[in-house]
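Below: one structure, written as structure tokens.
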Amino acid sequence: MHIPLYLDQLSLLISLIGGYKGLNEEVITGSGKNSWKSEAEGGESGDIQGPKVTYIPPPPPEDEDSIFAHYQTGINFDKYDTILVEVSGHDAPPAILTFEEANLCQTLNNNIAKAGYTKLTPVQKYSIPIILAGRDLMACAQTGSGKTAAFLLPILAHMMRDGITASRFKELQEPECIIVAPTRELINQIYLEARKFSFGTCVRAVVIYGGTQLGHSIRQIVQGCNILCATPGRLMDIIGKEKIGLKQVKYLVLDEADRMLDMGFGPEMKKLISCPGMPSKEQRQTLLFSATFPEEIQRLAGEFLKSNYLFVAVGQVGGACRDVQQTILQVGQYSKREKLVEILRNIGDERTMVFVETKKKADFIATFLCQEKISTTSIHGDREQREREQALGDFRCGKCPVLVATSVAARGLDIENVQHVINFDLPSAIDEYVHRIGRTGRCGNTGRAISFFDPESDNHLAQPLVKVLSDAQQDVPAWLEEIAFSTYVPGFSGSTRGNVFASVDTRKNYQGKSTLNTAGFSSSQSPNPVDDESWD
Ligand SMILES: Nc1ncnc2c1ncn2[C@@H]1O[C@H](COP(=O)(O)OP(=O)(O)OP(=O)(O)O)[C@@H](O)[C@H]1O
């Protein structure tokens, strides 16, 4: 195989031929088992013999400008106010309209101002008072609409009000809050948000994730840990090694909660809530956030939440962000590369994420684009953590305007100025499509998503795609409607037209529904299958 040798793409080449020995690393192999999946299985705990991971991520910049660096809200930010919101469950506290109404302390208000937030997004308007009232919550709101601050701010407000017990002077760290998310890059991003909002307070946030040296994670924790941001595998390792105590946990947050509760991570999360010392659901506050919430997953969530939890749905559950202009092109697998290059040449230097199905393909397409002299990097679960972070850094700063990724980068990542998402391969499940295209069109900015639909392999997606497109008021190609019609599945209850919710609170028999700006309902699509390859 001919491998190109563009110098700035050397790491890509290295990952292709397998194995790399970095400056601060002892052993690196191309086993492909250094991903979040293997973490969840305990692969990095030392219980299973494997190469010792010695990567220590560089500390994030400490200066105030870097901590509060943010991008501008877009022209459609004010349109968030027109999105329909549904709150269900008993005795929901009323929404707030301004940050002032939240009655947060002065330090938090200062941090909010420094972060450039002047106006609440809908998920924040509804979730903040619910969390401040001590209620459990399942919240569903479109990608890029501020879910992270929606849980961080009220948790921090309560921690400031109630005081914290964990401190650097304690032998055993007992965090008051644990936040889990499915990928390393996402949990790191959440940590940076927690660090930003807790700036100047006595609350210390810590992040731990796989692919990094375990000793490094432990050293971060022993310096004091009030908010622990963690990927599931590393969290369970640390708990298993008795490096943290769980008795003080008052807040448990599952970001991308539907992913955290599905077949991939669900068992790990169940273990977490039954760990010795972990307060029962009656004793802690549990908060679940995502842009998608299949009904089956909502039912599983009952084990984690108090029975009187509140459910907030901003817009359609599982709906795509309307600020993303979606285009579906019919492209057979052998024409995809040519089409990709044509599109990327038209796009020029604008930041673009290209999603592919497998880790191997990510490397292959990235190398191919480099050969075409399109500056590209890649992120997927077979790359070393150092390489993953480097790739994301190069993409964020614009050094490599094209990032080829597997679904490991589909959820949560908030990168400034991603103007385009290209689904070179469509994911196997529609929810994953919604998350992927949500990497653009964030925070009121507009974005574009182009997806290659291969009739040989993607017909099962035609029906849900038509629904997602029409619900987001996008043009639906006639050929796609035809395929959807010809592959009609009777059980699929999503409407293909009109403004309906894809799903609602699954507690059908709740009473005392509090309804705000509501529209009608229909039932949901089936949950995502776990796609081992694309989720690394
Ligand atoms: N009230 C606000 N004012 C201005 N910017 C905000 C506000 N709330 C959030 N943001 C910014 O909007 C961006 C998207 O927020 P965030 O990453 O929390 O979205 P999300 O809903 O969690 O998305 P996803 O579903 O993709 O995880 C971030 O850069 C965040 O700092």
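Note: Cβ is positioned from N, Cα and C throughout, glycine not excepted.
The feature compositional bias 'Polar residues' is assigned by TrEMBL to 513-528.
Here the domain 'DEAD-box RNA helicase Q' (97-125) has long-range neighbours at 64, 68, 70, 72-73, 77-78, 80-81, 83, 85, 132, 139, 141, 145-147, 149-150, 153-154, 156-157, 160-161, 196-201, 312, 314, meaning same-chain residues at least 6 beyond its ends whose C-beta is under 8 angstroms from one of its own. Here TrEMBL flags 97-125 as domain 'DEAD-box RNA helicase Q'.
TrEMBL lists 128-311 with the feature domain 'Helicase ATP-binding'. Summed and averaged per residue, pLDDT over the domain 'Helicase ATP-binding' (128-311) gives 96.
The feature domain 'Helicase C-terminal' is assigned by TrEMBL to 339-484.
The region 'Disordered' annotation in TrEMBL covers 31-52 (among others).
Annotation comment: TrEMBL describes 513-536 (among others) as region 'Disordered'.
Taken from TrEMBL, the feature motif 'Q motif' applies to 97-125. Helix, strand and coil residue tallies for the motif 'Q motif' (97-125), in that order: 16 helix, 0 strand, 13 coil [DSSP].
According to DSSP, the domain 'Helicase C-terminal' (339-484) comprises 65 helix, 26 strand, 55 coil.
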